[in-house]
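Working notes for the structure below.
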Amino acid sequence: MMKQENHGDDGANLHASQDDMESLVLDEPPPSSNGQSSPSASASVERHSTTATTSSTSQNFNSILEPPSYADAVFTSFDSSSSNGQENPKQPSYQSDPPTRSEFLKIWVSDPEKELELTNSLVPGGTSYYTYLITTRTNMPEYGGPGSEFTVRRRFKDVVTLSDRLSESYRGFVIPIRPDKSVVESQVMQIEQFVEQRRAALSKYLNKLAVHPTLKKSEELRLFLVVRGKLPLAKSVDMASRMLDGAVRLPRQLTGEAAAVTDVNEAAQPAKGGRDLLRIFRELRQSVVNDWGGVKPMVVEEDKEFMERKEKVAEFEQQLSNLSQQAESLVKAQQDMGETMGELGLAFVKLTKLETEGAMFQSQTIRATDMKNVATAAVKASRLYRELNAQTVKHLDKLHEYLGVILAVNSAFSDRSSALLTVQTLSSELVSLQSRIEKLEAAASKIFGGDRSRMRKIEELKETLKVSEDAKACAVREYERIKENNRSELERVDRERHEDFMGMLKGFVLNQAGYAEKMANAWEKLAEETSAYERDGN
């Protein structure tokens with residue numbers, strides 16, 4: 001959502017030539033290993049600058065470019081916990097491990113490698129795909145305790161399998177949304193850019209799983225992170241294959257050759273899997289009856305608190321989407337402002353050069369000096385706007401991230417609705433079976449000696465009734481389990497949202513205040529110099 005365009009060549013764009021800007025070289029803080037200003041380096045330079053003399057021009061420039069009082073809090077106390085959300089894609093850094101006193105699970109994704117698909121294709125070379133080196137460090141007992149470290153290679157298809165297995169095993173949980181396959185982007189973007197974007201997305205996704213209090217202890221995630229070689233998880237069967245299996249089974253169910261009743265083991269799983277089309281049709285019919293039949297289902301959602309929470313989540317999603325769009329507008333406005341300031345500075349540089357080359361009077365020299373100072377301040381402001389925009393994207397991207405969280409919450413709600421629909425469908429089937437048995441028993445009782453064919457049918461229906469009762473009991477237990485998962489997960493999401501939004505707001509406000517102060521200092525210094533020229537002229 002909120003992405004900042006690459007401005008790595010902005011300096012070259014702003015400076016028409018080296019001669020144009022040779023008098024506007026600004027001292028930059030030393031870059032850190034990841035290409036960004038180190039917080040500790042910034043603080044160190046600023047502490048040094050407070051003790052140095054301020055008469056030097058370069059030192060004045062440094063005092064403007066280095067963080068002032070507000071930005072001190074931003075770059076040291078607040079943002080020091082995160083290195084701007086970036087990591088080295090080539091080699092993961094282990095320098096900031098979580099403290100060993102608490103439980104942690106940290107995952108790095110790096111070193112993408114291109115590999116060939118081993119198929120029976122007659123085409124030389126076949127198809128290719130990328131694998132990623134996944135490094136895990138943890139002290140959790142499920143992974144072997146303190147000092148445990150693992151490295152495996154996984155492809156994107158393995159991540160899809162992991163996501164599907166978690167969704168099946170942990171219904172009702174708010175499971176982080178996995179990255180999309182992005183087929184279109186892979187065809188449009190440069191392959192290196194696409195691979196790096198996917199690497200970063202996989203790293204973020206796996207670390208979200210690693211901090212989930214339940215999923216981080218799951219056997220599915222442990223196998224994914226620990227076992228080398230082929231992923232020991234059952235692969236997902238595509239929807240077309242499942243529907244085909246269901247279509248083959250359906251005629252046999254209708255003719256009585258195959259069981260037409262929901263199996264006890266399948267009752268705890270959603271019908272949308274597709275292998276039992278008859279069950280899908282029954283639940284679809286039940287859904288239509290619920291919505292349009294005018295008859296209240298035997299089992300309904302009676303948790304009023306949950307229904308209120310669900311409505312609030314829907315309203316929150318709407319407001320969050322609007323806020324995210326406004327944040328994008330802010331990022332675009334700051335980006336445009338930075339570019340405009342840079343262009344303004346360049347224009348003043350060109351005018352300064354013209355005034356200097358043809359200077360015949362003292363007034364021309366004074367004007368040229370004033371314009372040079374304006375150009376210098378505009379270029380500084382342009383750089384500060386770009387820095388501010390990077391920080392704005394870093395903090396307000398949390399809004400876009402929570403749109404994904406809301407998708408996961410809605411998915412957990414869908415698990416609940418699906419489980420309730422299964423219970424409603426089985427309840428209706430039990431009523432129908434009981435009614436058929438009663439009618440057959442009444443008809444058989446009117447015949448002297450009984451009707452053997454009807455008696456056999458009654459026994460079959462009673463057996464089906466017993467299986468359906470067991471299936472309903474299993475479905476009810478699954479529904480209650482999902483309800484409890486929804487409740488606990490909503491509480492967890494609320495706690496985390498409070499912490500995340502407080503951190504986002506603090507970072508955003510401190511950066512806005514800090515960079516506003518830096519820009520004000522630059523223009524204030526320019527105003528003082530301009531006033532001095534005016535006094536000298538008078």
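A Cβ is built for glycine as well, from the same backbone N, Cα and C atoms used for every other residue.
In TrEMBL, annotation is done automatically, which means it is predicted and not curated.
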Segment assigned the feature coiled coil in TrEMBL (from 306-333, 334-361, 362-389): 306-333
For the domain 'PX' (110-232), the number of residues DSSP places in helix, strand and coil: 55 helix, 26 strand, 42 coil
Local confidence of the coiled coil (306-333) - pLDDT mean: 94
